[in-house]
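S.K.: Mind looking over this structure? Questions follow.
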Ligand SMILES: [Fe+2]
């Protein structure tokens, strides 16, 4: 789809961030999945995404099939392989369904590539121009943690439904949206002792600033621990928290992820809504499973977070969590993993001033995750 780049004002909020890699936002997130057709149905039905574009045998794409879905500014691409071997198969075999490409919207994909590789990024693929009757898109790719890739996308001269090679997908089935607006942040899980390496990567290669840091004293329960640092670009549109496991009495949820994903990868995609109660109740009605929060979480909630606009009884009914920082508060809730392996999940977040990530909820949340791990025999 055509995006108006001329009206864009890129205001620098985080002054520690450097300016050499201007990023307009997330362009799309591509998942490699075992069955893109059925995954597309799931994200439409359960999450309220709409079909946008399709590529496959009918469009001349021989080796893969891709469905592009959109809700608000969030664009997902679901891709499955069409043959018995090749890199997509290998990715799925090793990782299960998961995020392959975190694509970033830029004004110049060649310059973005040259700048980041010049600063030490490994090449995923060289810049290339792809064209069709709707114009041209320039893309390039660099490697980040695990087998995840950042694709730089310049679509300023393109007016088609997604990219050359795709055609519009006007599906008869158009379930109502659930109020999801944009990607708030995307979290990467990396292995033992690797967090600082990737924090440095985002600082040095991409000019990001470090926003927050949590150590194992902030984020630990009786059993499990993790460490986390949040990296942001200058205008705050791209936020990448990086987690690594920490020693606890039992297995950290990050370690569980690393075991099942066979390495580092995207742990969760946080999507923003303006009305979390409406969004979460719609998603629940459509079959999305959320982490269960114990009732006692709500007993002293108002003491912890002060006055809030929402009715506590309704938050309790849906298991929605609340946290406050100096700037305001936020509401959030986490889905269970969206595929069979305990790896990728989604976070639904509504910010009411707060710019943080729900530190006050970590303990309640991790205890909820531990109950799930215990059920899986992986705690
Ligand atoms: Fe998050």
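Note: Cβ is positioned from N, Cα and C throughout, glycine not excepted.
So TrEMBL lists these for the protein:
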- 25-155: domain 'VOC' (DOMAIN)
- 182-336: domain 'VOC' (DOMAIN)
- 185, 268, 347: Fe cation binding site (BINDING)
S.K.: Which residues, same chain and not among 185, 268, 347, have a CB within 8 angstroms of the centroid of the CB atoms at the recorded Fe cation site?
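M.R.: Those within range, site residues removed, are 184, 186, 187, 241, 267, 269, 270, 271, 334, 346, 349.
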S.K.: Just jot down the residues in the same chain as residue 268 (Fe cation binding site), at least 6 apart in sequence, with C-beta under 8 A of its C-beta; none if empty.
M.R.: 186, 187, 334, 344, 345, 346, 347
S.K.: DSSP on the domain 'VOC' (25-155): how many residues come out helix, how many strand, how many coil?
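M.R.: Looking at the domain 'VOC' (25-155) with DSSP, the answer is 32 helix, 63 strand, 36 coil.
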S.K.: Indicate whether residue 185 (Fe cation binding site) is helix, strand or coil by DSSP.
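M.R.: Looking at the DSSP assignment, residue 185 (Fe cation binding site) belongs to a strand.
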S.K.: Using DSSP, would you call residue 268 (Fe cation binding site) helix, strand or coil?
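M.R.: Its secondary structure by DSSP: strand.
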S.K.: Once near-sequence residues are set aside, which residues in the chain of residue 185 (Fe cation binding site), 6 or more away, have Cβ atoms under 8 Å from its Cβ?
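M.R.: Expected: 230, 239, 240, 241, 270, 357.
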